[in-house]
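Comments concern the structure below.
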Amino acid sequence: QSTISDQHHSSDNTYGSPLSGCSGVDGVLSEMANKLLGPESDIDDSSSCSFNDVVSEPSSLTKWNRVLEIASSLDVKELLLACAEAVSDAYFPAAEVLMNVLEQKVSISGEPMQRLSAYMLEGIRARLFSSGSIIYKKLKCKEPTNSELLSYMQVLYHICPYYKFAYTSANVVIDEAMTNENRIHIIDFQIAQGSQWMFLIQSLARRPGGPPSVRITGVDDSQSAHARGGGLQLVGEKLAKVAESCRVPFEFNAAAISGSEVELENLYIRHGEALAVNFPYILHHMPDESVSTVNHRDRLLRLVKSLSPKIVTLVEQESNTNTAAFIPRFRETLDYYTAMFESIDAGRPRDDKQRISAEEHCVARDVVNIIACEGADRVERHELFGKWSMRLKMAGFTPCPLSQSVGEAINDMLKDYSSNYRIAENKGALYLGWKNRALATTSAWR
């Protein structure tokens, strides 16, 4: 079992490589800088000057004059950070110039840093020129059809292990927790296509002495419904066919409602059933106390705890973007998604059109939302495992140690992927990482 040297950040973890300067830009930059910001500063134009040196300048005008002077020699990462700083400082003329330079260095079919930078640039532009409900319209890509979106999601499912990490770990945990139960109820707060439960039903069918009865309540969201091309009845019908073929007594309940709106009556609780609750990459979409006094994130955890579940499985991205201010959030997004784009790069060629479309429609929207939106419009609000742990404990849950079988199942699954994927256990959670950057965690609670 490989380890991740640091569960969040590592000094060794520098993704991407500097890109060469863009020819033909210097003259345009100089002209635009003079028009927008006035005459050049008196600071010596040393070729060894870096972006980090410049941003420490005491005068804002002097600083941005200097940044513009060296902009064409900055790599893509430095340009992104400079753009973000300019936006944060509300120095919009400098931001516009830097974005024009950056535009010439990014590509959705280039290196991982170039691809991510293209989408982060979209986020910066959207932050500057849009707000609220129209924010996503600043993306250059059109909304895909349901069949296209489903195919893009399947591409990601096959070329990187993040979805399988969630499904595999939760299935093993739930299967073990329900060993002696004859009536099982599973509530899945992100049912999507429901494919995860096909494998669990097949596993339960092999139980010595006969299978238990299984009831699944699926909570839906609009994106999943769009990808399916129909309502939750499609999921129920598919799972019912699998259960019938395995001779597992089965029932499906549809809760066509977003997770933040779920109330007790939506969950179809019955006395005498052993309850398992699954939260796969969904709780970070629930607004917390920083967004609304209602605090659906903690409200939902308290509601689930009141049901006395036998097991709760939680899988989340290991990233800190919830309450962070714009610049720390921007840097965190850059670090996190650089690792993710590198990992996707290992699965498909850079000019693969399906991979490009999958990144555009399944990943880029998240990146833009994190950078461009604030308040209730920002729905991508990730937290680190330590914070999730605090929330769960405050709701009354206690951690349930993961068995050796969980790690073995994940390691077995990872055999089909790059050796740069690593797993590590820490404080009761299992981390999945790319090189030295942790990207997701799975944990169990009761």
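Just so it is clear, glycine is given a Cβ too, placed from its N, Cα and C backbone atoms.
Fair warning: this is a prediction, and the values are worked out from it, not measured in the lab.
The feature region 'Leucine repeat I (LRI)' is assigned by TrEMBL to 74-134.
Taken from TrEMBL, the feature motif 'LxCxE motif' applies to 81-85. Long-range Cβ contacts of the motif 'LxCxE motif' (81-85) within its own chain (Cβ-Cβ under 8 Å, at least 6 residues beyond either end) map to 51, 55, 67, 71, 74, 95, 98-99, 102, 121, 124, 326-327, 330-331, 334.
Annotation comment: TrEMBL describes 153-218 as region 'VHIID'.
Feature annotation from TrEMBL assigns motif 'VHIID' to 184-188. Among residues of the same chain six or more beyond the motif 'VHIID' (184-188), those with a C-beta under 8 A of the stretch's C-beta atoms are 174, 178, 194, 196-197, 200, 204, 212-219, 267-270, 273-278, 280, 304.
With a threshold of 8 Å between CB atoms, the same-chain residues lying at least 6 positions outside the region 'Leucine repeat II (LRII)' (234-266) that come near it are 189-191, 193-194, 197-198, 201-202, 204-205, 211-222, 225, 228, 282-283, 285-287, 296, 300, 303, 306. Positions annotated as region 'Leucine repeat II (LRII)' by TrEMBL: 234-266.
Here TrEMBL flags 372-446 as region 'SAW'.
Sorting each residue of the region 'VHIID' (153-218) by its DSSP state yields 34 helix, 12 strand, 20 coil.
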